[in-house]
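All remarks here apply to the structure that follows.
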């Protein structure tokens, strides 16, 4: 095999036009490990003799332009033989999913076949003709294989879908669902925190505390700057003191040398010269240190004044803000008290009568059966009384008939008469006998009626006692109808106009008279007393604080 190998790669579909030709010094054995997917050999750096193969889905192209033919390449083309490699089409896709090992075997088989089926041409013209014919045949076979692959894939897709749906819920899906819920919860919490911070900032803006926050931040910056200025001032003061002490020691040494000027030697002269020069340098350094110290003191004083002013301003603004909040809280407290009073009035004059009326209606419905029974018994008693009255009337009618008969007998006996005048009874005696009989019959009837009435009364008392023991909660005393406003006003007017009634009412307030109250009424009285006491205490405290505040002002 020659050093130059020309590879003609034919594109599979008809839409992929052109062939790729590359010249390289690499042998063909390096192309044996290419996968059976569509291979796109992209050649970059042809001039450097390097070869790079890149895998693309269904397209073969060169990333760079092919190099121009050099005289050496032209000589190689004329003298050497060129080998043309045609990439075979991939086999049709199988329904079963191939494993990684089988994929490697198919790849090596396809590569070996491509090497064995590689024809050799004697000339460049025959190579081009055979490549064109193979391009057309390869395109047709590739289109057929692609259609078969598409059909097979479409047939296997429903089976895979059915297998997916038949599988139970996997832990991965549960974990993904939990991850989505966790992400959603995190998003909700982040939004909540953002809204909370926004609401806090809005509240600060409305109440005017944002300006105080700015003053606090500015004071913090001034405090940091003031600390730095103090450190610079300490350094400048220490530098000034050290330079001053050094110059003083130098001046003392110079004075000592001048005192024994007559006994100087060359070393003393040299020392004096150096000390004099050092004194001049120290003088300049001391002047500069004094200037730096003055600037540091000025800066520290300015920052200290600014910091004190900022602290005073913050205190003043916070005092005003606290007074405003206190004033608003006072109005809010009064508003809450007003709402409580309004609720109390609504409960007492609207809700409580409605509830009482509803309760009475419920009690009336519950006692309707008992009242019907009582009415039935009263009707029976009335019928019994009416029946006894009819019996008494019939008895009186019977007695009147007997009296008429007796009168008739008496008249007949008086008309016939006893000739002796003493053998028969007189009319007065007969009337007395009749009256005695009538009185005896009337007494017997009255005794019977009294006994019957007493028995009925005892039965009614027993029934009432039984009802009282059975339903003590549902029985209530009959309530009098509520008085109107006019009647109440008249009653109060009469009570106030009469001193005796006023005295009796006052004495009755602390008397030992027993009254019956419900627990609900006692609770309402306690709540009313507590509300009244709280209102009185709050009013007194408000007026005291207001008077103290006005006194301080």
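For all residues, glycine too, the Cβ spot is worked out from N, Cα and C.
Database features (Swiss-Prot):
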type     : residues : note
REGION   : 61-174   : region 'Disordered'
COMPBIAS : 62-84    : compositional bias 'Polar residues'
COMPBIAS : 103-116  : compositional bias 'Basic and acidic residues'
COMPBIAS : 133-160  : compositional bias 'Low complexity'
COILED   : 210-241  : coiled coil
COILED   : 277-309  : coiled coil
TOPO_DOM : 352-523  : topological domain 'Mitochondrial intermembrane'
REGION   : 408-428  : region 'Disordered'
REGION   : 443-497  : region 'Disordered'
COMPBIAS : 443-473  : compositional bias 'Low complexity'
COMPBIAS : 484-495  : compositional bias 'Low complexity'
TOPO_DOM : 545-553  : topological domain 'Mitochondrial matrix'
Tertiary contacts of the coiled coil (277-309) (same chain, 6+ residues out, Cβ under 8 Å): 219, 222-223, 225-226, 229-230, 232-233, 235-237, 239-240, 243-244, 246-247, 250-251, 254
Helix, strand and coil totals (DSSP H, G, I; E, B; other) for the compositional bias 'Low complexity' (484-495): 11 helix, 0 strand, 1 coil
For the coiled coil (277-309), mean pLDDT (0 to 100): 93
